[in-house]
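Quick look at what TrEMBL lists:
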DOMAIN    11-37  domain 'C3H1-type'
DOMAIN    92-119  domain 'C3H1-type'
REGION    55-75  region 'Disordered'
REPEAT    130-171  repeat 'WD'
REPEAT    254-293  repeat 'WD'
REPEAT    294-323  repeat 'WD'
ZN_FING   11-37  zinc finger
ZN_FING   92-119  zinc finger
Amino acid sequence: MDTKFARRTERIGSTTCSYWRAGRCNRNRCRFLHIETPSPPAACGYGNTAYSYGKKPHSSSENTPKYGSKKALLGDNGDRGDATRVAKAFKKSSPRICKYWINNNCVHGEQCLYLHSWFRGDGFSTVTKLHEHKKVITGIALPVGSDKLYSGSTDGTVRIWDCHTGQCAKVINLGAEVTSLISEGSWIFVGLQNAVKAWNIQTMSEFTLDGPKGRVRAMTVGNNTLFAGAEDGVIFAWRGSSKADSPFELVASLTGHTKAVVCLAVGCKMLYSGSMDQSIKVWDMDTLQCTMTLNDHTDVVTSLICWDQYLLSSSSDRTIKVWACIEAGSLEVIYTHTEENGVVSLFGMPDAEGKPILFSSCRDNSVHMYELPSFSERGRLFAKKDVALIELGPGGLFFTGDESGLLMVWKWLEVPMVASS
């Protein structure tokens, strides 16, 4: 009898109280656990490649308790200790944000096992949250010399924000999904269904650029040319015109992709395009001819950025690939980094110390930050839904826009100067 009772007690003692999880347990001495046993995180490996990409700094974890181990839960002395202490320790290392906290209704407070913060890491902080869009934010632009921030969304609006007050100064209802938005000089370009809107913020003039078929999901400017990638796989190119009716003239239609073009990038006198057909095409910006096609990804190519002499690409296949020019102008993958989830978008910028940081938005409602070229993790940003895009601002500011319509303003923190003796 005693043996059966002991076994039953041992079995109960290893079970977490379901009422405690819901914040409703009122037993003074509950026989169930009031802590969660954290799960072991998936290992993240880094390879060794040429150009130092993927080289991980040396570290030792021989004496570090593994998550979920008896030592991590009970401590060195073997006693269970206070549940709050265990919760805080796990919360500090947990890579997940509390989904109840982001909606202001977490009942656990300091005992919550998940982060009550929009970020994890040092050297940056949140400035403010702007949540007036109702759907996916598809473009963020801060024109040079302007004190207005522009944001576009699939809710059919472009919002203009006052950078001094943080308030929305104007809402432009376009009556159709805004699928992309960029700025160049005094121009704002808005991608829509079957067209691109061009607004000059100095002259207040407006023009419609026709030609694209379907949604315009990506735009970029290079070599005095506006490029717009459409849903039918065609990239349209406009250049300046002296015509009275429009300052833009359609000069070429770049064909080759078999599905929608979803990302564009310019670098080294080349235009790079990524598509839902899983390929990357390289175009000569002088001749506007395709010079090569890259087929290393196995799913949609979601983002492209040019950094120094490298091209970085991301995909829904969970990989980030680093490409370099090897010989005779050909591009080859020199390093592949694998995420746990599909990659939504990439963005690169220097931190407050000038170190290059790569932002990788993943399908887990977070943005992973990596130092380049080592790909060692620097920190992580969190959002209500997947972050669709990231944009750089002045004075150490940067912006993120997620699929819930939340626009976050962030700032790099200056590193304090240490006085020399």
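Cβ coordinates come from backbone N, Cα and C, glycine included.
TrEMBL: automatically predicted annotations, no manual curation.
Note: the zinc finger (92-119) comprises 8 helix, 3 strand, 17 coil (DSSP; helix = H, G, I, strand = E, B).
The residues of the repeat 'WD' (254-293), classed with DSSP into helix (H, G, I), strand (E, B) and coil, number 0 helix, 24 strand, 16 coil.
Applying DSSP to the repeat 'WD' (294-323) sorts its residues as follows: 0 helix, 19 strand, 11 coil.
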